[in-house]
Amino acid sequence: MASAILRRDRLRALTLLSPAYLWLTVAIFLPLSAMVFFSVLTDVPFGDREWHLTAGNYQAFLETGTYARLLWKSLQLGATVTALSVLIGFPCAYVLAKVVRGRSREALFLLVVLPFWSNSLVRIFSWAIVLRGNGVLDRAVNAVLPWPVKLNLMYSQSAIVIGLVHSYLPYVILTSYLALQAIDDSLIEAARSLGAKRLTILRRLILPLSMPGLVAGAVLIFVPVVGSFMEPRLLGGRLGTYYGTLIEDQFVAVFNWPLGAALSFILLAVVLVILGLASPILRKARL
Amino acid sequence: MAEVRVENLTKTYGPLKALDAVTLDFRDGGFFGLLGPSGSGKTTLLRAIAGFVIPDDGRVLIGGEPVERVPVEAREIGMVFQSYALFPNMTVADNVAFGLDVRRIRGAERDRRVKDVLDLVQLGDLGQRKPHQLSGGQKQRVAMARAIVTRPRVLLLDEPLSALDKALRVEMQVELKRIQREVGITTIFVTHDQEEALTLSDEIGILRNGRLVRHGPPREVYNNPRDAFTARFLGEANLFSGSLEAGGLRLPDGALIPGATTAMVAVRPENVQVSASEPSGPIRLRAEIRRRIFAGAMGTLILDRHGEPIKAIARDSEFAELPDNGRVWLSWREGSAIPVENAPN
Ligand SMILES: Nc1ncnc2c1ncn2[C@@H]1O[C@H](COP(=O)(O)OP(=O)(O)OP(=O)(O)O)[C@@H](O)[C@H]1O
Ligand SMILES: [Mg+2]
């Protein structure tokens, strides 16, 4: 009797969920499967091209040191950008959530989400104008300082990092803001009444309680930055060869889709392994 | 432990005076109950003592020292919030030890004090639980333990029991009083519940629109409220007003309350005697019964005197022979009419 009801409930739940699952299948699973398929081919199966199955694309990653080296470079870039975004974004979120009130909060919020709304190409080219030699930043610094400085950040590692941090900062600000907002002010007041100073409150209360938001923001940044290609290409110039640009090249320049697909899956696997290794540490940090 | 004094304390929010020149002494080791209608400034007064509210004028003294330059975290206070404000990321024991950690009290001393205070609030074996695994009453005890473990100079409680149901509230009142007596910390307690204030406090204060209307020992304030607001707010009161004559107070309908010396008197419902036949004493007023309310042993009678409602409370059996409707006599013993002033708003 009870199990019959349970079965009926489960059936109903399945019926209700089926559109969602169908959509997930079409939108994610099918393209992903197609890419898995591509990654084990010798050539794209379009037109009258010859193709057969191979593991060569994956072997290429292991045999050629360059690919692994670029992946390592991209992982470092991801770590740098994530760290900087957290260091800048968390204090911003704190000020937004716990210091400013009312109208000015809305205005500041708008500034934070503005990068979201602007076209990413426009954003990157704006940075190019600011950062290049004799550009906006260069002139501004020289106008202030009495001695001449030659600031040429364009086409450097720094330019890439600046562009990426600017693009992805809103993620960590928004997720941290939501987590901080959920911390009841009376908790902070209680800690103060017990004698805790700002730093103690930050370390023992605010950081642990907002850690889930902070981690979510960091993951949201790290994953796309490791695979990023536009910022490295446009702001890094000759230095801008990364794992992301490597994959992009396979798809749009060299037209070697199978290798591109294989490299993408290796990236996915590496990122998942890193997140898997980090999760127990991060979970412990919450306690 | 210390006595607390506020002098001429004033706080305005725009046009609103949340505190209006409040001067009040809180005795060392005493239990002070702050009462008042909603919005009367009780929380503001408490938070000004704690240091969360910066007064516009006046000052706060803790242990005789002015504390306007002392931030909250250095005032050596203990505070219990209405929402308890337990740290959700820490165990009960760590919550309690927070104030000790801040004071760098470590090791065996820390463990001993946490254990002692948890025993005091009868939570000895719940130290490893997280706050979300506790009942309301248990959270309340943890909040209490956390606030007193640092041996603060003053304990501030803002409606700490209002989130509990009636039975638990009464139990916690007894607990609160016991704990306060054992540790002897000067305690200031805000409550909506006048009965709670009367039971717990050595002294009470009544706020209204940011002003301190009356303060003193509960029995004294209850028996001699002095003004109409206090009489009505603390317990219930039937107010009679008219013009003062040589013989007493002449009411608008011509009845006389002999012996009265003010233009207004208050009579507690429990002192109003209702009878079907004319009483023999000097005080005789007519009224009509409107409603009878039965509440177990005690009964309440709502009467009407020229449109003014009058309330009488007695053992239900005493009302037994009264008619359900119709005219009856009211009287009271001569000392029961409390002279009061008509309080301005
Ligand atoms: N931060 C604030 N800004 C503006 N007005 C405030 C602020 N805090 C309190 N008030 C006002 O001051 C008055 C006193 O508030 P307070 O919180 O002290 O009342 P209360 O006696 O504690 O009331 P309740 O019993 O409802 O808790 C109220 O009218 C309130 O609206
Ligand atoms: Mg209040």
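Note: Cβ is positioned from N, Cα and C throughout, glycine not excepted.
All TrEMBL annotations are machine predictions without curation.
Not measured: the values here are computed from a predicted model.
The annotation transmembrane segment is assigned in TrEMBL to A:21-41, A:75-96, A:108-130, A:155-180, A:201-226, A:259-282. Annotation source TrEMBL lists domain 'ABC transmembrane type-1' at A:71-278.
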Margin query: Please report, as numbers and ranges, the same-chain residues at least 6 past the borders of the transmembrane segment (A:259-282) whose CB is under 8 Å from any CB of it.
Written below: 35-36, 38-40, 57-58, 60-61, 67, 71, 74-75, 211, 215, 219, 222-223, 226-227, 243, 246-251
Note to self: Applying the under-8 angstroms CB criterion, which one of A:75-96, A:155-180, A:201-226 scores highest with the transmembrane segment (A:108-130)?
What the structure shows: A:155-180
Next item on the list: Residue list, the transmembrane segment (A:201-226) vs rest of chain: Cβ under 8 Å, 6 or more residues beyond ends.
Entry: 74-75, 77-79, 81-82, 85-86, 89-90, 94, 164, 168, 171-180, 182-183, 187-188, 191-192, 243-244, 267, 271, 275, 282, 285-287
